[in-house]
Structure formats: C-alpha cells, structure tokens
Amino acid sequence: MMSQLTHINASGEANMVDVSNKADTVREARAEAYVRMAPETLQLILSGQHHKGDVFATARIAGIQAAKRTWELIPLCHPLLLSKVEVQLEALPEQSSVRIESLCKLSGKTGVEMEALTAASVAALTIYDMCKAVQKDIVIENVRLLEKSGGKSGHFKVDA
C-alpha cells in the first residue's frame, strides 16, 4: 500500500512538513545521473583540451553547491545543515557517457534524498553547459535515487 503524500494537507494544499517533533538521526542518500555524448566530446573532456577548463572539477563543485542550496530550488524542502556532500564522476568510454554519483549525509530531522538528487542533476547540467558549444544533443538520463538510510522509513536501496 502506498503512503500518504506528506506535503499535502487535509484541504489538498501544499505545505512544508513539520519536522519539529522528529528525533535527529543520521541520514544518508546516494543518487546517480548519466550524461551521454558523442565519443569526440567525451575525449575532449578527458584529454583536458576543453576550452572552458576542467569539466569534471567544475561539475563536481556545481553538484556540491547545488546540494547545499536544494531548499532554495525545491519549494517544500527544508534548509539542511549537511555534514557531507560528495560528487564523483566516472567516464564510461564504452558507453560514451559520464556517470555521476552523489552522496549527502547529515544528522537531522529529515532526509537528504532531494539534496543527493539535486547534486547529481546539477553536476549533469554543468557538463551539458560546458560542452554545448561542441555538441547540442547531449542527453542527461537515468537520474535516480540509489539508496537512502535513516529516519522513520528506514533503509531503501535500488535493486542492482
């Protein structure tokens, strides 16, 4: 059975969830995204010859910044004091793509799934932004939550 939507009140109006009575627990979430591109574009990134600089370093910093600002982007997200944000980028030459994995962690009253998803998404968008001059048809795909732990709903992990 599906749970109730927590951001909708009895009148059907959107509201920020009241987490004031919840206990602080350690919460962690991992998300991923893929950026598919032409082999030549990926090679440009990997060779360090991109005219805008280090694409992976820029995407990593953008993802970290985005996680910290998720509450400003997603209307009903709480501002969180994140204790860890990690963004890893892996080139997959055989698939002509980049895999991005983010990790967010805190000790608090609400989960960090949206922060992890935002970090992976913005890192992917940054790769697109930096490479759009050489390729317009880059595809961002398969953005998803991989795992979350902590809180009332417990542990979730996607099937491999």
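The first residue you see is number 1, and the count goes up from there.
Cβ coordinates are placed from backbone N, Cα and C, and glycine is handled just like the others.
Not measured: the values here are computed from a predicted model.
The feature active site is assigned by Swiss-Prot to Asp129, with sequence analysis given as support. The substrate binding site feature in Swiss-Prot is assigned to Leu76, Cys77, His78, Met114, Glu115.
Feature map: Swiss-Prot annotations on the structure.
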residue : record                 : DSSP (3 states)
Leu76   : substrate binding site : coil
Met114  : substrate binding site : helix
Asp129  : active site            : helix
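In this structure, Leu76 is the one among the binding-site residues Leu76, Cys77, Met114 with the smallest number of other Cβ atoms inside 10 Å of its Cβ.
Surrounding the centroid of the Cβ atoms of Leu76, Cys77, His78, Met114, Glu115, where the record places substrate, the chain contributes additional residues within 8 Å, namely Thr70, Trp71, Ile74, Leu80, Thr110. Looking at Glu115 (substrate binding site) and the residue listed as 'active site', their Cα atoms lie 20 Å from each other. Within the group of recorded positions (Glu115, Asp129), the Cβ with the highest number of other Cβ atoms inside 10 Å belongs to Glu115. Around the Cβ of His78 (substrate binding site), the same chain contributes Met16, Val17, Val19, Trp71, Lys109, Thr110, each under 8 angstroms and 6 or more positions distant in sequence. Considering only the residues assigned to substrate binding, Leu76, Cys77, His78, Met114, Glu115, the longest pairwise Cα distance works out to 12 Å. Annotated pair Cys77 (substrate binding site) and Asp129 (active site), C-alpha to C-alpha distance, rounded: 26 Å.
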